[in-house]
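Participant: According to TrEMBL:
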type	residues	note
COMPBIAS	522-531	compositional bias 'Polar residues'
DOMAIN	47-177	domain 'Nicotinate phosphoribosyltransferase N-terminal'
DOMAIN	211-324	domain 'Nicotinate/nicotinamide phosphoribosyltransferase'
DOMAIN	373-502	domain 'Nicotinate/nicotinamide phosphoribosyltransferase'
REGION	335-378	region 'Disordered'
REGION	512-531	region 'Disordered'
Amino acid sequence: MLSRDTSQHFKPSPQIQYRTLKPLLQAQSMAPQVDLAALPEGIFSLLDTDLYKLTMQCAVLKYLPTIQVTYTFTNRTPDMRLTRAAYHWIENQINKLGSLQASLEELLYLKNTCTYFNDTYLRFLSSFRLQPSEEVKVSWIPVKDTGSADDVGDLCLDVGGLWLHTILYEIPLLALTSEAYFKFCDKDWTHDGQEEKAYNKGIKLLEHGCLFSEFGTRRRRDYHTHDLVMQGLTKSAGDAKERGWKGKLTGTSNVHFAMKYGIPPVGTVAHEWFMGIASITNEYEYANETALRYWVGCFGEGVLGIALTDTFGTPTFLKAFKKSLPTEAEAEINTASTQLPSAPRPASSETEGVVDSKSSVNKPLPHGATNDKKPRSYAETFTGVRQDSGNPLEFVKLMRDFYDSQGIKEKKTIVFSDSLNIELCIEYMKAAEEAGFLPTFGIGTFLTNDFTHVSNGKKSVPLNIVIKLSSASGRPAIKISDNVGKNTGDSQTVNKVKETLGYVERQWAAGDEKTRWGTEGQEATTALVQE
């Protein structure tokens, strides 16, 4: 079992063959396997999470295994509170997370399907377990305490520990919170018709030629809903294929369901990667480039190549995106170290508190370095970008202008993932295609938490909840995004970084976080199209 003592953290070996992983897998094969058909409540698989949590954990293992972090929970729909009974259920479910362990079948699936995971990471994952009693603090503050199980209050969730270990809590904690709310608070709904509803949505997207993936784990109503949605979507995809439509279900972000339904697990990186590196280096002007250098260094050029642009605002990101990958000389690796250097800075820079890349001993890009006289830029190397905040139509124009200014003629992908529904997907697809992009869509809450109340037929509104990295290496971690409504983290740090980066404040009218997926009492007909 992997020690949680930071002085004994896992030491990656440069060459670990399958034979070193095999004994660990064989030992696990003796353990009882979970019956997926039973559909238990809560979380019962370590892979019931988004792929990018695993890819980021792999990168953290390689470069940052001793970094301490914290995460903070936010309910963006604060009037939707949990009852005492819901809180106690969440407590119990969080404790159960400590029993999760990747099975033999799951590890072999990752090895065969996600070939960018090396044996070092798979060996680590084979013995990894969450320790919620040490890493998660959960509490509940009643609005009025009468001692009743029906008292309502505010849920507080805080996570802390090694980044390497705590990175996998976000998705299950959010899924459990949503499940608890709709198990104990809003109970005026049923699963009836969910598979058919997902099928009809899939058919409409596919017949219009949309390429889309399911992104709905974190705010799903419950596991069974998610399973019904996947059944509906995969059936629609099969019918679309038979009819010769160009639309396609390209996968799901949920690794467990990708494995169960035989479709690709999709995803690359989250804001967390950029937030963490900025906090660790304390160099917000160079954080995007440092994060890109290390991502390519971990997985190689052209692998997991969708870049997330908006952590500190897309205009700031594009300054880094147009820079060249390091040459081979600049990317020398000392595998004995796990310290993270920053991206190269101009010689005149005298930024206080920065990490000097020349004195740092673990430089990135063993795979992405090049001997070419003119190295490729990150914008050339990456397959495309993901749009996750702000006005999507403005983003399309911004990216078209950017690629044109860089002389990049190759057709790039834009992944839209912010509050999508059928009509918006079709609108954004047309705009992106007209601009010369390949548009794809990551659709979440609209698929896995679209319900109406049985009693009156009106919309049952999903929770809008997030868990974000709040500190790394003892410094605040923040996110600015392309919409002021998605600013996250310590307000003083947010304001300071905005000033440092010359950030221009943006507010998108359609990005109101409190009413993003509708309002209580909204007519059911609207609920069919509005996420």
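Note that Cβ sites are derived from N, Cα and C of the backbone, with glycine treated the same way.
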Participant: Just to be sure I understand, if DSSP states are collapsed into helix, strand and coil, how many residues of the domain 'Nicotinate phosphoribosyltransferase N-terminal' (47-177) fall in each?
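Facilitator: Residue counts in helix, strand and coil order: 63 helix, 29 strand, 39 coil.
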Participant: Provide the three-state DSSP residue tally for the domain 'Nicotinate/nicotinamide phosphoribosyltransferase' (211-324): helix first, then strand, then coil.
Facilitator: 60 helix, 15 strand, 39 coil
Participant: Helix, strand, coil residue numbers for the domain 'Nicotinate/nicotinamide phosphoribosyltransferase' (373-502) per DSSP?
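Facilitator: Taking the domain 'Nicotinate/nicotinamide phosphoribosyltransferase' (373-502) as a whole: 49 helix, 31 strand, 50 coil.
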Participant: Give, as a single whole number between 0 and 100, the mean pLDDT over the domain 'Nicotinate/nicotinamide phosphoribosyltransferase' (211-324).
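Facilitator: Mean model confidence (pLDDT) across the domain 'Nicotinate/nicotinamide phosphoribosyltransferase' (211-324) is 97.
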